[in-house]
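Taken verbatim from Swiss-Prot:
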- D205: active site, proton acceptor (ACT_SITE)
- L88, G89, K90, G91, G92, F93, A94, K95, C96, K111: ATP binding site (BINDING)
- 43-55: compositional bias 'Low complexity' (COMPBIAS)
- 82-334: domain 'Protein kinase' (DOMAIN)
- 503-581: domain 'POLO box 1' (DOMAIN)
- 601-685: domain 'POLO box 2' (DOMAIN)
- T239: phosphothreonine (MOD_RES)
- 24-71: region 'Disordered' (REGION)
- 406-433: region 'Disordered' (REGION)
Amino acid sequence: MELLRTITYQPAASTKMCEQALGKGCGADSKKKRPPQPPEESQPPQSQAQVPPAAAHHHHHHSHSGPEISRIIVDPTTGKRYCRGKVLGKGGFAKCYEMTDLTNNKVYAAKIIPHSRVAKPHQREKIDKEIELHRILHHKHVVQFYHYFEDKENIYILLEYCSRRSMAHILKARKVLTEPEVRYYLRQIVSGLKYLHEQEILHRDLKLGNFFINEAMELKVGDFGLAARLEPLEHRRRTICGTPNYLSPEVLNKQGHGCESDIWALGCVMYTMLLGRPPFETTNLKETYRCIREARYTMPSSLLAPAKHLIASMLSKNPEDRPSLDDIIRHDFFLQGFTPDRLSSSCCHTVPDFHLSSPAKNFFKKAAAALFGGKKDKARYIDTHNRVSKEDEDIYKLRHDLKKTSITQQPSKHRTDEELQPPTTTVARSGTPAVENKQQIGDAIRMIVRGTLGSCSSSSECLEDSTMGSVADTVARVLRGCLENMPEADCIPKEQLSTSFQWVTKWVDYSNKYGFGYQLSDHTVGVLFNNGAHMSLLPDKKTVHYYAELGQCSVFPATDAPEQFISQVTVLKYFSHYMEENLMDGGDLPSVTDIRRPRLYLLQWLKSDKALMMLFNDGTFQVNFYHDHTKIIICSQNEEYLLTYINEDRISTTFRLTTLLMSGCSLELKNRMEYALNMLLQRCN
């Protein structure tokens with residue numbers, strides 16, 4: 001067997017700093033504790049890379065005894081001086097140290113390899129190959145390679161510094177992680193790994209100790225000591241390499257290492273994060289390998305069904321049966337659960353609390369009391385993690401319909417998760433609530449509109465205390481309150497309002513490459529990009545609005561975009577041209593622009609097998625049903641929620657939601673409202 005890796009990480013023991021070697025501090029302000037320096041604008045995000053050495057033998061370790069590495073290190077080529085700090089980790093060939101550039105105080109993780117450790121040609125080749133592969137990589141979720149140099153004693157590789165060490169350290173402190181945390185970390189691992197595979201590079205040693213966490217709790221894939229170029233099947237190396245517990249059956253059977261082998265290791269990583277131990281851990285290596293070859297492991301009942309299914313698919317014995325990285329992100333495990341936009345550093349040692357309070361939430365509790373007071377015994381709910389009765393399956397099978405979601409959710413500093421539980425939906429019930437109660441519900445609906453949406457004069461003002469989650473929450477509460485309390489009726493009410501509002505007339509899903517594009521009824525074209533940013537081309541085709549976060553808008557001419565936005569503006573124009581040339585409008589609503597209302601931009605979208613859901617910054621909510629081209633649009637105007645229904649003949653009718661609450665509506669419309677609510681709850685969750 002060749003090269004079975006084991007890396008041992010040292011606790012970051014306190015070491016005496018550079019002052020001893022220099023007689024003074026490393027930087028201008030030596031008395032202060034020096035935090036990691038923020039990166040320059042042009043550089044990738046700064047983070048840690050206590051990257052272990054190129055390779056370590058499994059059966060024996062060489063001693064690291066040898067000449068003490070100097071505290072001050074000089075690059076012979078450039079003359080730059082560095083100060084060596086504490087040990088971050090060690091392995092068979094090298095140790096990894098914190099190292100500071102004395103010219104600018106920038107901190108690196110430096111892998112220092114004594115020439116004596118790589119004296120044999122094949123050992124030196126491994127180091128050279130690692131440098132060659134790693135130095136060309138540039139990705140947010142891959143440890144950044146900065147520089148390497150040699151002196152008479154050592155080889156020095158300078159890498160991105162990650163102050164919060166590795167996932168192995170976090171799991172050691174935490175024992176197990178919550179599902180939202182696992183989704184948070186896995187999304188980033190998949191992002192980095194997808195980039196590597198697109199560069200035709202296999203990592204071949206994915207494990208918790210090789211996922212590094214920076215100051216901002218961002219994950220970076222590191223340690224390319226065993227990485228290799230992807231070869232055609234017939235030319236693949238038959239080397240057995242990697243961490244014993246994470247080796248795949250095909251690697252153990254010497255059939256070669258492909259992308260599927262990295263997916264297998266990812267399955268082991270997910271299992272370990274959730275349960276605190278690897279899936280194939282046994283008392284001896286021989287038994288471990290037998291279990292791996294047979295893909296035999298236990299799946300505790302404590303795991304929820306989506307997590308079990310995703311792990312089982314990644315740990316399929318046959319490599320061809322494993323999901324692709326895109327399949328993984330579209331799996332129910334990600335679609336049906338909350339994923340935080342960021343994690344607090346306290347998550348390194350403490351279980352996070354995702355039940356955060358916010359001004360919007362406190363308001364909802366008061367405003368929605370009338371919607372939910374004393375109703376729970378009268379309404380039935382469906383728990384989508386449990387069995388659903390047969391008569392409801394056709395309407396409420398959304399959980400199984402969901403094949404594809406939008407992109408990762410748009411960053412939001414205030415995003416909260418109200419309830420970590422499966423989404424629920426309402427089933428129609430008989431009985432008519434008292435008139436006073438309906439009036440109370442109508443008042444509550446108006447109160448929520450007035451309190452959150454009706455008084456806004458700009459999108460930034462609308463969302464100052466609000467978030468993507470609370471926009472969805474508001475619409476869901478209002479729609480659910482209406483559905484729970486309106487009477488049964490055979491037809492749509494007579495009311496027909498003449499109103500003006502924006503809605504989506506055309507859309508294009510190009511999320512496999514760029515993002516989701518749409519055209520509004522005023523001919524504004526918008527794209528929600530795969531990175532969560534949003535860009536709009538106004539009807540004049542000359543002005544671009546760019547939203548990096550909720551409520552934060554940059555405006556610039558389409559013909560003179562800032563350099564960093566040029567490629568996105570090109571994509572935006574492509575979407576605009578495509579929809580103009582190839583798609584027809586989806587209904588008969590007049591195109592009216594109200595300059596007093598904030599500009600619409602898309603917050604979220606979701607596709608199931610039956611429908612497309614879109615949620616906008618001002619609370620406008622649209623669901624398009626594929627099979628009959630019917631549409632539901634909910635928006636707020638003048639402290640009132642309005643619902644527009646576009647039927648199969650593309651004829652639209654608009655009602656006040658309070659009218660539907662009092663009069664009821666046809667089963668045709670009610671079923672669509674319930675399905676729309678189910679999609680919204682699914683996305684909220």
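Using the three backbone atoms N, Cα and C, a Cβ is placed for every residue, glycine included.
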Next item on the list: Using DSSP reduced to three states, classify L88 (ATP binding site) as helix, strand or coil.
Entry: strand
Next item on the list: Please spell out the DSSP helix, strand and coil residue counts for the domain 'POLO box 2' (601-685).
Entry: 25 helix, 37 strand, 23 coil
Check: If H, G and I count as helix, E and B as strand, and all else as coil, what does DSSP give for the residue listed as 'active site, proton acceptor'?
Finding: coil
Notebook entry, point to check: Using DSSP, how many residues of the domain 'POLO box 1' (503-581) fall into helix, strand and coil, respectively?
Noted result: 22 helix, 35 strand, 22 coil
Check: Just the number: how many Å between the Cα atoms of K90 (ATP binding site) and D205 (active site, proton acceptor)?
Finding: 16
Notebook entry, point to check: Tell me, what is the mean pLDDT of the domain 'Protein kinase' (82-334)?
Noted result: 91
Check: In angstrom units, rounded to an integer, how far apart are the Cα atoms of A94 (ATP binding site) and D205 (active site, proton acceptor)?
Finding: 17
Checklist line | Distance [Cα-Cα, Å, rounded] between D205 (active site, proton acceptor) and L88 (ATP binding site) | finding: 19
Margin query: Suppose we draw a 10 Å sphere around the Cβ of C96 (ATP binding site). How many other Cβ atoms does it contain, all chains included?
Written below: 26
